[in-house]
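Database features, via TrEMBL:
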DOMAIN    1-185  domain 'Major facilitator superfamily (MFS) profile'
TRANSMEM  9-31  transmembrane segment
TRANSMEM  43-63  transmembrane segment
TRANSMEM  70-89  transmembrane segment
TRANSMEM  154-181  transmembrane segment
TRANSMEM  216-243  transmembrane segment
TRANSMEM  249-268  transmembrane segment
TRANSMEM  280-297  transmembrane segment
TRANSMEM  303-325  transmembrane segment
TRANSMEM  365-384  transmembrane segment
Amino acid sequence: MFGDRRSRIYLGGQIASIFGDTALFLSTAVWVRELTGSDGAAAATFLFLTAPALASPFVGVLVDRVRRRPLLIIVNAMTGAVVLLLLLVRDAGDVRLVYAVMTLYGAASTIISSAQSALLPAIVPEELLGDANGLLQTVQQGARVLSPVVGVGLFTAFGGGMVAVVDAVSFAVAVVTLMVIRVDEPTPSPRDRTVSVRADIGAGFAHVRTDPALRVIVVVCAGVWGALGLSESVVFAVVSQGLGLEPSFLGATSSLQGAGALVGGVLSARLIRWRGELRVAGGASAALAAGFLLWMLPDAPAVLLGSLVLGAALPPLVVGCTTLIQRRSPDRLRGRVHSAFDMALTVPQTAAIAVGASLVAHMPYRALLIVMCVVLAGAAAVLLRAGPRVDAGPLGPDPAG
């Protein structure tokens, strides 16, 4: 993969952008907390960042109607400029500016994510898509471990403005790499006037329904991401009720999840070449169930081991899903299919996070873990059974749009 100049330059730019993004996310919340003294105001930063993801279906249409490389250049350049508005923040009265920037940042991230996924098959050969997605997932997980430390360190030493400048530079690097590579993109297809706007927006979901592999993985992974959403609340009960430890122990669980994710990211492409996307996703779901089973034990080493397993399982699952979508979606629908997949997972995960916060206060956390394990084990069984039938099967019909 690195022997190909285009792949090397493009992925290098994306890696730089990933580190800049991750450094900004946490340090911005810390900044708002310092300005206002409010935990709620700090948490709202993430709400403004994630809310634009609800527009994913419309973003998918945009990505499929224009050339992805120029779109990425424009959006990356504009986002880098928007981030620099954080240099104007001085006191608590400027928190609204932070929220506005994070909302625009979230909208840009939604566009960039869909466009990157749709463009990658035009840059990287199909047989190397798993390697490219595995590399990006490895870097993303590594950045989650390292970048927050760097970002908060820069914030502590130089203030939030410096973090904004670093992130803007990372966007500039991404723009330069996109400008210097040559991409042979197919001409975007105009909207079919005989197709309704609603059908045009929903063409990604329509393609998922007609392709057996995509239908299986989207439906099953909606349940998997719901279980992962519950874990966001359950982990606090595992530490406080199950182990009787302070919340600071979460730092150890997060670190081990990050370490496991690095290993999982490195192995993802090799596993996909060996067993295929669906079976790798099924094995990863089974590993997630095993990790959560370990969380049920009132033993700190067992919980830490479970966290390591959970971290290692997630990248193969994500890489398997992403590669399958890229491989089994026609170019003219790839943005909408990616957005449909993103929406199908984001909604149950967000709902599970909200519901989990209430459930964990009214029922034993181990009961929730059992529910999560049952869902994940069922998902693993379906994916492992479907894998041999559809991993190399024919593509579904190409719906109009």
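Just so you know, glycine gets a Cβ as well, placed from its N, Cα and C.
Keep in mind that what you see is a predicted model, and the values were worked out from it rather than measured.
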In the same chain, which residue numbers or ranges, 6 or more beyond the ends of the transmembrane segment (365-384), come under 8 angstroms Cβ to Cβ?
216-217, 220-221, 223-224, 226-227, 230-231, 234, 237-238, 241-242, 278-279, 281-283, 285-286, 288-289, 292-293, 295-296, 356, 359
Does the transmembrane segment (70-89) come close to the transmembrane segment (216-243), meaning at least 3 CB pairs under 8 Å for residues 6 or more apart?
no
Which listed range (9-31, 70-89, 280-297, 303-325) shows the maximal number of Cβ pairs under 8 Å with respect to the transmembrane segment (154-181)?
9-31
Ranked first among 9-31, 249-268, 280-297, 303-325 for CB pairs under 8 angstroms with the transmembrane segment (70-89):
9-31
If we skip the immediate neighbours and take only residues 6+ beyond the ends of the transmembrane segment (249-268), which ones have a Cβ under 8 Å from one of its Cβ atoms?
130, 133-135, 137-142, 144-145, 235-236, 239, 243, 280, 284, 300, 303-304, 307-316, 319-320
Taking every residue in the domain 'Major facilitator superfamily (MFS) profile' (1-185), what is their average pLDDT?
83
